[in-house]
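J.: Let me give you the structure first, and then I'll get to my questions.
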Amino acid sequence: MSGFNALLLAGFGGFIGAFFRVLVGFGAGKILPTNFAYATLFVNTIGSFLMGIFLNLELPPQVKLFLIAGICGGFTTFSSFSYESLMFLQNGEILKFGLNLALNITLCIVACYLGMITFKLSH
């Protein structure tokens, strides 16, 4: 696969992932309190679960690139997680800062592992 084709695959997947990331953000904002970074927590956890599944699928490399670097990369958001954590810290909301760190790191690692074993159990 050429470098340009790889860029197109990752870029198109990123577009799809980013679209759904914003959709989750809008949905979370309508049904959950806005005093915590729920949308970021959800997309990072869901994206980690999906990545755990995608890593175990026997697919051509270009499909994995589309799914993992593209869709998961566009859907999850470490930069938002970093910014929101920093804002909690700068605003003196130490409990929210710690909770945001602990939940994102723990849930994302657990979700990735669950995605991996879910796939293995189904095959």
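Every residue gets a Cβ built from N, Cα and C, even glycine.
Heads up, here are the entries from TrEMBL:
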BINDING   G73, T76  Na(+) binding site
TRANSMEM  6-24  transmembrane segment
TRANSMEM  36-55  transmembrane segment
TRANSMEM  67-89  transmembrane segment
TRANSMEM  101-119  transmembrane segment
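If you look at the structure here, what lies around each of the features I listed?
T.: Long-range C-beta contacts of T76 (Na(+) binding site), restricted to its own chain and to partners at least six residues apart, with a cutoff below 8 Å, comprise G17, R21, V43, N44, G47, S48. T76 (Na(+) binding site) falls outside any helix or strand according to DSSP and counts as coil.
Note on the transmembrane segment (36-55): residues 17, 21, 24-25, 27-29, 64, 67-68, 71-72, 75-78, 80-81, 84-85, 96, 99-100, 103-104, 107-109, 111-119 of its chain, located 6 or more positions outside it, place their CB under 8 angstroms from a CB of the stretch.
Counting only same-chain residues 6+ beyond the ends of the transmembrane segment (101-119), those with a CB under 8 A from a CB of the stretch are 40-41, 44-57, 81, 85.
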J.: Same-chain Cβ contacts of the transmembrane segment (6-24) under 8 Å, 6 or more residues past its ends?
T.: 39, 42-43, 46-47, 62, 65-67, 69-77
J.: G73 (Na(+) binding site) has how many other Cβ neighbours within 10 Å of its own Cβ?
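T.: I count 19 other Cβ atoms within 10 Å of it.
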